[in-house]
Amino acid sequence: MQKLKQQVFEANMDLPRYGLVTFTWGNVSAIDRERGLVVIKPSGVAYETMKADDMVVVDMSGKVVEGEYRPSSDTATHLELYRRYPSLGGIVHTHSTHATAWAQAGLAIPALGTTHADYFFGDIPCTRGLSEEEVQGEYELNTGKVIIETLGDAEPLHTPGIVVYQHGPFAWGKDAHDAVHNAVVMEEVAKMAWIARSINPQLNHIDSFLMNKHFMRKHGPNAYYGQK
């Protein structure tokens, strides 16, 4: 698991590097599906002092199997998403400013241009709010459940992120670094959408044919963007 712990450590260290977190906020995880184990950031440990060996290994029930620290308080959310969506290899949660602002406003991040469409096939959805019972109960588990309720059976890698109402963004990808990459993009397109709607409050969504073109040329069966 040492290689995966190193990858998760590096991905977590990318969060302050890209301005996605403040203090000890945020967490990144990755899963080893063959072993049924997840590596995740320890709870409340400062990025400045964190080391790869500080990463915590848990099984799919959340039991710590390796590590000196408690795992992230959001571990149950990560595990619920891994259980539901086999294509996920890494998950990240941040409180990045603009994506969190959309979450606090209770609004999906609208697909307004090609930058958004290069990564997200449509709006980045916002979940419903959790009930008092859901918050007072198994809060982190129920956060995962409301994300799944919102995504449904859609392929999560086609919309690799979501904003949780009054909370903040979660993003995911094929591995930990891909998840962080998508979180960075989500923050950028959230900022772009806010600026664009400030300039033109009547601004409509990107044309569907343009969105389809940009997403499919990077992610479709006949994708031709980049090098092979």
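Note that Cβ sites are derived from N, Cα and C of the backbone, with glycine treated the same way.
According to DSSP, GLY26 (substrate binding site) is assigned to coil rather than to any helix or strand. Note: GLY26 (substrate binding site) has non-local neighbours ASN12, LEU15, LEU20, LYS41, VAL92, HIS93, THR94, HIS95, i.e. same-chain residues 6+ apart with C-beta under 8 A of its own C-beta. As annotated by Swiss-Prot, substrate binding site applies to GLY26, ASN27, SER43, GLY44, SER72, SER73, with the evidence given as sequence analysis.
Long-range Cβ proximity for ASP74 (Zn(2+) binding site), meaning a same-chain Cβ under 8 A and a gap of 6 or more residues, is found for ASN27, HIS93, GLU140, THR143. Among the features that Swiss-Prot reports, Zn(2+) binding site is placed at ASP74, HIS93, HIS95, HIS167, with the record citing sequence analysis.
Per Swiss-Prot, the feature active site, proton donor/acceptor maps to ASP118 (among others); the stated evidence is sequence analysis. DSSP assigns ASP118 (active site, proton donor/acceptor) to coil, not to a helix or a strand.
Among the features that Swiss-Prot reports, active site, proton donor/acceptor is placed at TYR225 (among others). Under DSSP, TYR225 (active site, proton donor/acceptor) is assigned to coil, being neither helix nor strand in the three-state scheme. When Cβ atoms from all protein chains are considered, those within 10 Å of TYR225 (active site, proton donor/acceptor) total 11, not counting its own.
Other residues of the same chain near the substrate site, with their Cβ within 8 Å of the Cβ centroid of GLY26, ASN27, SER43, GLY44, SER72, SER73, are THR24, ILE40, LYS41, PRO42, VAL45, PRO71, ASP74.
If you measure from the Cα atom of ASP118 (active site, proton donor/acceptor) to that of TYR225 (active site, proton donor/acceptor), you get 10 Å. Taking the mean position of the Cβ atoms of ASP74, HIS93, HIS95, HIS167 as the Zn(2+) site, the remaining same-chain residues with a Cβ inside 8 Å of that point are TRP25, GLY26, ASN27, THR77, THR94, VAL164, GLY168, PRO169, PHE170.
Using a 10 Å radius centred on the Cβ of GLY44 (substrate binding site) and all shown protein chains, the other Cβ atoms total 12. TYR225 (active site, proton donor/acceptor) and SER73 (substrate binding site) are 38 Å apart (CA-CA, integer value).
Highest Cβ count within 10 Å among the binding-site residues SER72, SER73: SER72.
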